[in-house]
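Chemist: The following block contains the structure, expressed as structure tokens.
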């Protein structure tokens, strides 16, 4: 059975790299607790984020929106909201539960988020963002960070970005920013289009780091390979990978060796799937549905013979009544025998 990883939020010695050196982005409907458990089997070092959770859901919701596995560490909670007191309250709850970081969403452009007065629209209210960050900083000892864009609508000059960062850094005492290297259109584009249509401007984020060298700055947007991540790390403190890490999670098996420690082992995907079995059995015994777990592992064998059969078997069988670990075992047997044998299957 896979043993839980442990990660201290207050290590005895200063870590070689910032916590944000490599992270998997918060992605709504994707980075739930099942996803994070699986990703942690693939990398010990990557910082994992929750889906965005609103302050209202945490304070008034019936579900436990702060639930996570102890194995998730290092793990960050992304909050959506704009009320400093509510954010401070939620940050304190999260710290008590053991989260390693609190992140404020100032980058999501969806209409639903805007109607709640949080997300990317807050870029136009730097003073309010600063108040929110300061309230959380005063409430907790763990890092409080911001994830934002390089601009919104017509407010897309480099000067605007600098003024926003400077205000939040000075008034809010925020030291860590993750910048999605695209502007956001608050109307006219869907959230999906806002991740694809506005052009990427990596150089603008590099310049931001040069102009604010004391800040920890990570980049997000369009990162598809670890080679690209390494290139960004020549200029910045961290890289956040989103859709590629989710749709092709095999990339995470290389993260620890490529970005943290050249002597770190590379996790093999077959053993990671097998290590997931006890978790699946435990979750199913508590009423979870297999499909809610297996949807996160569909892309693990991307590019390997048998990957299509693997995906098809899981997609067609995981939602059937009574589906259990045997469905995953059957799917794994469809992966190329030569690959399976090469990793000791």
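Note that Cβ sites are derived from N, Cα and C of the backbone, with glycine treated the same way.
Model, not experiment: these values are computed from the prediction.
Sequence annotations record features per position, and here Swiss-Prot assigns FMN binding site to 26, 27, 28, 78, 147, 180, 220, 221, 222, 242, 243. Look at Swiss-Prot and you will find 105, 192, 195, 308, 311 tagged as site 'Interacts with tRNA'. Per Swiss-Prot, the feature active site, proton donor maps to 108.
So where do these features actually land, and what's packed around them?
Modeler: Taken residue by residue with DSSP, residue 28 (FMN binding site) is part of neither helix nor strand, so it is coil.
In the three-state DSSP classification, residue 105 (site 'Interacts with tRNA') falls within a strand.
Sequence-distant contacts of residue 108 (active site, proton donor), defined by Cβ-Cβ distance under 8 angstroms and a gap of at least six in the same chain, are 28, 52, 80, 118, 119, 120, 191.
Residue 192 (site 'Interacts with tRNA'): 9 other CB atoms within 10 A of its CB, across all protein chains. In the three-state DSSP reading, residue 192 (site 'Interacts with tRNA') counts as helix.
Contacts of residue 195 (site 'Interacts with tRNA') defined by a Cβ separation under 8 A and a same-chain sequence distance of 6+ are given as 182, 221, 242, 243, in order along the sequence.
Long-range Cβ proximity for residue 308 (site 'Interacts with tRNA'), meaning a same-chain Cβ under 8 A and a gap of 6 or more residues, is found for none. Residue 308 (site 'Interacts with tRNA') falls within a helix when secondary structure is assigned with DSSP.
Around residue 311 (site 'Interacts with tRNA'), the C-beta neighbours below 8 angstroms that are at least 6 residues distant in the chain are 298, 299.
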Chemist: If you measure residue 192 (site 'Interacts with tRNA') to residue 147 (FMN binding site) at Cα, how many Å is it?
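Modeler: Counting only the Cα atoms, the answer is 17 Å.
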Chemist: Round to a whole number and give the Cα-to-Cα distance in Å for the pair residue 147 (FMN binding site) and residue 105 (site 'Interacts with tRNA').
Modeler: 5
Chemist: List nothing but the largest Cα to Cα distance in Å, as a whole number, among the residues 26, 27, 28, 78, 147, 180, 220, 221, 222, 242, 243 that the record says bind FMN.
Modeler: 20
Chemist: What does DSSP call residue 220 (FMN binding site) in the simple three-state scheme?
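Modeler: Where residue 220 (FMN binding site) sits, the three-state DSSP reduction gives strand.
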Chemist: Far apart in sequence but close in space: which same-chain residues, 6 or more away, have a Cβ under 8 Å from residue 26 (FMN binding site)?
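Modeler: 49, 50, 51, 52, 76, 78, 103, 105, 147 - these are the non-local Cβ neighbours of residue 26 (FMN binding site), listed in sequence order.
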Chemist: I'd like the number of other C-beta atoms within 10 A of the C-beta of residue 220 (FMN binding site), please.
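Modeler: I count 24 other Cβ atoms within 10 Å of it.
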Chemist: I want to check the contact list for residue 222 (FMN binding site): same chain, sequence separation of six or more, C-beta distance under 8 angstroms. What comes out?
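Modeler: Looking at Cβ-Cβ distances below 8 Å from residue 222 (FMN binding site), excluding near sequence neighbours, one finds 181, 200.
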